[in-house]
């Protein structure tokens, strides 16, 4: 993988990630394909929304279908018939999400299979092996996602263990002869000095890109913005920056304003299945009875298949009848909306008009523009 930075506007960056499997324009949003599928969508449909890279889930793909099945197909690209780049998370966040049914030690994580109760162990070395079999274009180190809230001491211990796991991940990745990219993950909760220690430790190990982890886990938005404003300028400019698990459309905008290049989130797909649709003028909750006879287009500014062919009334009807097509059409739209936001951000940065884009984005959403830290203002 090669990262090329083309231009900047304030702290926002316009670049591209070059892989053997294709080039990804940044800032980029990665749809989440947990089990080797973006729910309800064919790979061709996902690509038509504008997506150039997907996220796969190491933890879930390890449990089902397993490494043997993946190896029999070649890798995840062949298994799911997506020939573009794929980033896989390490499984750390999913293990963190298991809560009481897992035990974290220095060696790794002991937990019970969430489906059959079988005892399982996952560590940095195993995570690297799984991601090697998946053929991931971007591999993430195995880390502990620090819960929120965490005391300073809890956050420090968690971050330090993640650093040690990061070194083990790097060593195993290299031992496997993996020629793809490996990203480090910056931890430290809401404490700036711990984030600094984490980044310094990761830089010493050396990675192809750096993710900001442990955010969007319940902390106030102000804390997320503060940490991004603190951390992003310290990440080497020639390395891509990835904000994990984020977020709402406005979170993408705010991340880009602060220097983030990559995002992923289940929100556009999960919310679509629940009738929660993102539009240029704000959220449409299509289950609301006021849409029963609404013959207007979902989003007049959108060029997706759904908006070009169907009315809000029809989408309301499909949802009311629990028709599978409803979830599919909603997903097509939400994913296209997210990609249109990213395209708008990329174009604005290229033209040196990011402030204008941000102002118009929030005006249409009916929200005030969140302030940047003083040292972030051009």
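Cβ atoms are placed via backbone N, Cα and C, with glycine included.
Every protein chain shown contributes to the tally, and the Cβ of residue 187 (substrate binding site) ends up with 31 other Cβ atoms within 10 Å. What Swiss-Prot records for 89, 90, 91, 92, 93, 143, 187, 214 is substrate binding site.
The active site, proton acceptor annotation in Swiss-Prot covers 89 and is backed by sequence analysis. Residue 89 (substrate binding site) carries a strand DSSP state (E or B). Every protein chain considered, the tally of other Cβ atoms within 10 Å of the Cβ of residue 89 (substrate binding site) stands at 31.
Within its own chain, the region 'RNA binding' (245-251) is flanked in space by residues 93, 215-217, 221, 224, 263-265, 267, 278, 337-338, 341, 361-362, 365, 367, 370, which lie at least six positions past its ends and keep a Cβ under 8 Å from the stretch. Taken from Swiss-Prot, the feature region 'RNA binding' covers 245-251 (among others).
What Swiss-Prot lists as active site, nucleophile is 264. According to DSSP, residue 264 (active site, nucleophile) is assigned to a strand segment. Cβ neighbours of residue 264 (active site, nucleophile) (same chain, under 8 Å, six or more residues apart in sequence): 29, 30, 31, 32, 55, 87, 244, 245, 246.
Beyond the region 'RNA binding' (269-273), the same-chain residues lying 6 or more positions past its ends with a Cβ under 8 Å from any Cβ of the stretch are 31-32, 38-40, 327, 330-331, 333-335. Residues or ranges marked as region 'RNA binding' by Swiss-Prot: 269-273 (among others).
Under the heading Zn(2+) binding site, Swiss-Prot lists 302, 304, 307, 333, citing sequence analysis as support. On its own chain, residue 307 (Zn(2+) binding site) has 297, 298, 299, 300, 333 as residues at least 6 apart in sequence with a Cβ closer than 8 Å to its own Cβ. Look at residue 307 (Zn(2+) binding site): DSSP puts it in a helix.
A Cα-Cα distance of 37 Å separates residue 143 (substrate binding site) from residue 304 (Zn(2+) binding site).
Highlighted in sequence order, 96, 140, 141, 142, 144, 145, 162, 185, 213, 244 have their Cβ within 8 Å of the centre of the Cβ atoms of 89, 90, 91, 92, 93, 143, 187, 214, the residues recorded for substrate, and are not part of that set. The residues near the Zn(2+) site, meaning same-chain residues not in 302, 304, 307, 333 whose C-beta sits within 8 angstroms of the mean position of the site's C-beta atoms, are 297, 298, 299, 303, 305, 306, 308, 332, 336, 337, in sequence order. Residue 90 (substrate binding site) counts 30 other C-beta atoms within 10 Å of its own C-beta, drawing on all protein chains shown. When other Cβ atoms within 10 Å of the Cβ of residue 302 (Zn(2+) binding site) are tallied across all protein chains shown, the result is 18. The average pLDDT the prediction assigns to the region 'RNA binding' (269-273) is 99. Counting neighbouring Cβ atoms within 10 Å of each of the binding-site residues (91, 92, 214), the lowest count belongs to 91.
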